[in-house]
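Chemist: In case it's useful when we look at the structure, here is the feature table from TrEMBL:
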DOMAIN    197-238  domain 'RING-type'
REGION    250-343  region 'Disordered'
COMPBIAS  276-285  compositional bias 'Acidic residues'
COMPBIAS  286-296  compositional bias 'Low complexity'
COMPBIAS  300-309  compositional bias 'Basic residues'
COMPBIAS  313-329  compositional bias 'Acidic residues'
Ligand SMILES: [Zn+2]
Ligand SMILES: [Zn+2]
């Protein structure tokens, strides 16, 4: 005989089989599970979660029962459009086991190397050019025999399966899926590097930052828009903000924060050849194309650089900068790496 527990079991199974789902689909799945169980046992009195509050309550109750298993139904908002997605995630697993069924150990090492470059990108750019991503193949340890062509295929697969985003400009960044499902890994590996939105308290890798030096406020675009409708000043330092998240003098978090040559100035040692540098410059020249519509214009990046310089001068962790001198740069002075701890 079907019981209320069957609704939960069916719902969890459907979440598991789908991975990350939109909020609308998540609600539909739950409604279908209720329907199916009611069809089997008409006497059951199961609340249909047709309001937001009722649905939140369902998720909350499920999470109580999942807690002992280190599982949780988590949701996060897409950083580019603000839409919410849900997934059943392992809250303890910080070893990317989620990817083990689809990828070889060498491919997972490659993925980690890409994530590393994205997380440690200068100027809070949280993105990596295609050239720099491919170059990571030769740096992974233990040495893999993955060719660049194979690496291109694997990169395309990371994008197709939703682990990475690839922008129009050809830069890789973290996806909603990665932020949601791989958060334990990101947290344990980059605890100090993660930036959190002042409004929604979720990780920010695409958005804006307050332009006052040392002000820690970072917001997603959608959180900025929500906040800016009612407030004109920074929630922390109270400096006046312009209307749009992409307006000067606000700073950029994400691809729009990239400055020329940043990808050639990564902090990991001994990895470039001159040929690669040339390719990188071509990539950067491309960047005058419009990128993602919600992102700031290029002119803004220089401001970020000068602000960051002021910030990083007082940063005690400068030890990873040593290779900067050998890197050609178009700037008067090389921009510092983004500071490594913020909260
Ligand atoms: Zn936010
Ligand atoms: Zn501020």
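Even glycines carry a Cβ here, placed using N, Cα and C.
Here the structure is a predicted model, which means the values were calculated and not measured.
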Chemist: Summarise the domain 'RING-type' (197-238) as counts of helix, strand and coil residues per DSSP.
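Modeler: Summed over the domain 'RING-type' (197-238), the classes give 10 helix, 7 strand, 25 coil.
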Chemist: Determine the mean pLDDT over the domain 'RING-type' (197-238), rounding to the nearest whole number.
Modeler: 96
